[in-house]
Amino acid sequence: MSELLEIVKAFLWKAYFLIINTSFEVYNYFQTREIVAKPRDHLLLLSAQKLVEKLKAKEVTSTQIVKAYIKRIEEVNKTINAAVCKNYENALEAAGKCDEQLEKVDANSEEMEKIYTECPLFGVPFTVKDSIEYKGLNVTCGITARKGLISTETAPVLQNVTNAGAILLALTNVPEICMWVESSNKVYGRSRNAYDSRRGVGGSSGGEGALLSAAGSVIGVGSDIGGSIRIPSLFNGVFGLKTTQDLVDAHLHIPIGIDLGGLRRELAVIGPLCRYAVDLPLMLKAMAPKVYGPMKVDAPMNLEGLRAYYITHIDGNDLQPVDWEIKKGVFDVVRHLEMDVGMRSEKVHFAEMAETFNMWLAAMDARGSGHPTFAEYATNCEYSLNLYTELLKTMVGMSDHTTAAVGAGIAEANPPFDFEGRDKLIERLRALRKEVHELLANNSVLVFPGWNTPAPYHNQLLFTPTHLCYTIIWNIMSTPVVVCPLGLNRDGVPIGCQIVGAPNSERLLISVAQELERKFGGWTPPGMH
């Protein structure tokens, strides 16, 4: 009888996904697809490392670079709506000061080297998601109650990046409270994909991923509690690195609960997004110099003889099967690492991963922890929102909050387990985490699908929230992960994979990412398909 029930459940889920996918395909067939034009300015096609080399050689000025990116942001933002708080005036002033200092020294001299040893990103612009405090700017986290609030402090991670000489150009769009996988809010509206404006950019660092992919930025800073760096990187075809827990200072991030301790703190990290894998070590050393300097993240590792495990899917009827082009990408990566690089591959499978969604919900459960609830975050912790009243208001377009944020609040208030059930899930989570860490010890990596589909159409993920399993699994496993783009699919939309490592294996992950960039081409500019 139980077998028959499982067959019926599987059939119903397949029918459900067919209806959802067909409905969105038909609707969007009649919508206009906009694609951002390929960048023409050669400065926009250079990595941050190349820009540094040109600055050191006095082949370009910081002002020229900053102006090129300002022009590009203004060009593409009409389509993608990714840059939401612009810091142009301050950026141009900072660039001018950089140029004045560089003008006083000779190109490629010892004095020039000294400047770039102390400030490795001197004169290079960057962007950051609209949820990390930066003094003097209105950081909203997509919350209407934060409109007009000017930050009085700069987050330590951004202080480190600016101390490295980087120049902040803009804040980029996020979902309300950073708690959804589509970057849309009632403050700035919806961000759109540079390769297909009908599709989402992911979240919560979605505006960051979109602006990078459109060549409106070269390096950026994001955060990740359930895939918020990796999903935008995957949907927008750029590199993104979920760092090891606590290696990058996460203070002064909104929502504030990211640094209150407890299980949520085990899930949340700050990390870089960039178009070129060569910039990953540069960014890590800027974001946390005392940690990543001694790690030698900029020294590539010899991968020959190391193990590359791989997983092709997560079990579960409530998960749509992995798209065939994404699955093929996983196999292509494994084949390359084995045949061309000399790594030893092995397929693995964890049946316990079928409980990923519930384990993540258990880890996110804030009851009794001292964390504010989503209903409080939505008002900037001024009071607790009546979620059910607000849900009705969203249905008639009268709410200051998004359906996704209200839904997340309702889900948080009504978890599918009691305290005893939560504790059992946490126990299973920790057992699986121990098993995964043991597997990845001794410089092993795991190749994993980036997501089970390419970037979905706007609002489609509201009907398939369990697809989050493909990223949240690595938050609850507390492992660093790098996203590697694998080109565009048949529809001209980016696809990619995740490379997972043991804690503190960033050097290994970056080495693999750089190898895959050489093989598969890395970021593909929009407008090429």
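Including glycine, each Cβ sits where the backbone N, Cα and C put it.
Bear in mind that the values here come from a model prediction, so they are computed numbers and not experimental data.
As recorded in TrEMBL, the features of this protein are as follows:
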ACT_SITE  K129  active site, charge relay system
ACT_SITE  S204  active site, charge relay system
ACT_SITE  S228  active site, acyl-ester intermediate
DOMAIN    65-509  domain 'Amidase'
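Recorded residues the residue listed as 'active site, acyl-ester intermediate' and K129 (active site, charge relay system) have their alpha carbons 10 Å apart, per Cα-Cα distance. In this model, the domain 'Amidase' (65-509) carries an average pLDDT of 96. Neighbours of S204 (active site, charge relay system), defined as other CB atoms within 10 A of its CB across all chains, total 32. Sequence-distant contacts of K129 (active site, charge relay system), defined as residues of its own chain at least six apart whose C-beta falls under 8 angstroms from its C-beta, comprise L171, T172, N173, V174, C178, S204, S205, G207, E208, G220, V221, G222, S223. The Cβ of S228 (active site, acyl-ester intermediate) has 34 neighbouring Cβ atoms from other residues within 10 Å, across all protein chains displayed.
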